Amino acid sequence: MASSSANLWVLLGLGFAGILLMTRKLKKVIKEDFGAFVQRLQLLPPPQPPPPKAPHPLTGLNFAVSDVFDIDGYVTGFGHPEWTRTHEAASRTSPIVSALVEGGATCVGKTVVDEMAYGISGENGHYGTPTNPAAPSCVPGGSSSGSAVAVAADFADFSLGVDTVGGIRVPSAFCGILGFRSSHGLVANAGFVPVSTSLDTIGWFAKDPNVLRRVGHLLLQVPFAVHRTPRQMILADDCFQLLKVPTDRICQVVIKATEKLYGRQILKHEKLEEYFNAKVPCLKTFNGSKSNGGSKYSFLRTLADVTLFLKRHEFGSTHEAWMDTTKPTLDPLILTIFGDGPEQADAEIENCKLIRDEMRSAVNSLLKDDGILVIPTISGPPPKLGAKELQSWEYQIEASTLLSIASMSGCCQASVPLGTYDKYPISVSFIARNGGDRFLLDTVHTMYSTLQEEADFASKNKSTKSAASREDTAEIAKEKGNQAFKDKQWQKAISFYTEAIKLSSSNATYYNNRAAAFLELGSFLQAEADCTKAISLDKKNVKAYLRRGTAQEMLGYYKEAIEDFSYALVLEPNNKRAAQSADRLRKLFR
C-alpha cells in the first residue's frame, strides 16, 4: 500500500513537472514583445510649436521601423548577424525615419525582418520568428514581419517597412492589419539597405485607417487636394479565382460596400489575363521562365516569374560581393539565387525593364486618375510555422502571381483586412495608378468602416451563407452578362446568363436577359423558350411578353405575337412599343 502511494506521488510530481516545463516552453514561444523587436530605442520628436501654430501632424503616435533603415549610431542589421558584425554603425538617420520623428511621432525600436529582407514568410533562423498575433501557429509574413507584428500586437501605432515583392502586403494580410505600399519612386529610396532597387518601395502598417492616411500624407508630401470619389471599382475576376477561400467571402463584401457608398454603376469586371496579354507584348519574349507554360494563368504566372527573376538579379548585383567575401550561413531560399536560377543575360534584364514600363502604362491606362483595381492580397491563409511549402519555388510563384502586378507596374497598393475565415485572417487589396497614392489612401479611409461592417455581417450569417453565396455569384454572373450585352458580345452574354441560371434557376430576370441576347443572334426558338420560362416565374414581366412576341413574330406565329403584345399593354397601358407592335401586326393580318 505504501509502495502504491509512493508511486502515485511520483506520477503526480512528474505530471506537475511536465506542466511546469510546458508552461516555460510556451512562455519562450511567445515572447513579451511577440518577438517583434531586435532592438528597443527611442527617438523623440521636437517640441510642439507654440499656438496659434498647428501641432505636428503625427503628435502622440509612436512607431517602429524594420531593421533595414539606418538610425544614427546603430548598426543596420538586415536580418543577419553576420551583416551586423561586418558593418559599421550608421552615421546618419534615414531621411524617411527623420521625417516621421520631425512630424511628431516617437520611434520606439527596430524590428525583425526576414534574412537579408529577401523572403515573404517572416521566418528568421537567427533572431527568431515574430509571433503572429492573429494566428499564433502560423507565419507572420515578411519581409517586414516584426513591423507588422508590432502594430498587430499594439506595441506601435504604425510601423515602417520596405515592399519589394510583398514585403508589406503579405505580413499585413497574414496579421490582419492595414498595409500600404507606396508608388515606386514617390518616396525617395534612401537611408535603407536595398533588396532590388527597381522594385523596392517604402510602405507602412497601421490598424487605424486615419493613422495610415496621416502617415501617408506626411511621407508622400503631396499638396492638399479635394477628396475624389472613385468612378470605377474594377474587380479582377481571374485573380479572385486564385483564392483558396470562397470568392464571395471577399468579393461580395467589396461589392456591397461599394454599392452602399458609391452605387452599383461604378462596379466593373475585368480579366487581367486577357487585358495584360494585349497590353504587355514584351512579356511574350521573356525566356527566363521556370513557370509551367501550360498554366491556366500563364500570363500572370509568367509575370510573377519575371518579377522574381528581376529581384534575384538586382539582389545578386548588390550583395553577391559581400556574400562571397563573408561566406555567411544563408537561408536555402537565398542560396537558390546563385544555385539553379536561370542565367541572367543582359538582353533578358533589358527585356524585364521593358516589361516593367509596359506594365506601368497598362495599369495606368486601365485605372486612369479615378479607378481602383480590386484583387486579393494573397491567395490563401498564412501557412503554418515551419511549413515546407514556404521554401518551394511553386509557393514563391503562386504568391507572386498577385503581388507582381503592383511590383512590376510600380503602382500603389493598400491591403485591407476583412476579418477571418476559418479563424485565419483574410484581406482584399486596392490598387491605384502610379502616383495615385493620396487618392487611394483617401478611398481606403472612406470605405474602411463600411467594409468592416459588411465583413462582420458576412462572417455572422453562416447559416444562410451557402444559399446567399449562390445568389450573389449568380448576380455577379448576370452583371457580367449585362456588360457583355452592352459591348455587343452576344454569345459571351449568353454564357454569363446561363451561368446565372445554373446558380439560381428561379430568377425570371436571368431567362429574360438571355432571351434578349438570343434575339440579337437570331436564335428565336431559344428566345421564345426563355421568355416562356420567365413568364412562368413572373406573370407580370412585361419585357418577357414583348420579347416573346418579337420572337414569335420572327418565327411566323403572328396570332401568338399579337396576344403577347396585347397582354403587355394590359400590364402597361402606356407602353408604346407594345401598342405599335400590336397595331402593326393587326393591320397586316386583317
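Cβ atoms are placed via backbone N, Cα and C, with glycine included.
No curator has checked TrEMBL annotations; they are predicted automatically.
What TrEMBL says about this one:
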- 6-23: transmembrane segment (TRANSMEM)
- 55-210: domain 'Amidase' (DOMAIN)
- 474-507: repeat 'TPR' (REPEAT)
- 542-575: repeat 'TPR' (REPEAT)
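Taking the domain 'Amidase' (55-210) as a whole, pLDDT averages 97 in the prediction.
For the repeat 'TPR' (474-507), the number of residues in each DSSP class (helix H, G, I; strand E, B; coil) is 27 helix, 0 strand, 7 coil. Broken down by DSSP into helix, strand and coil, the repeat 'TPR' (542-575) contains 28 helix, 0 strand, 6 coil.
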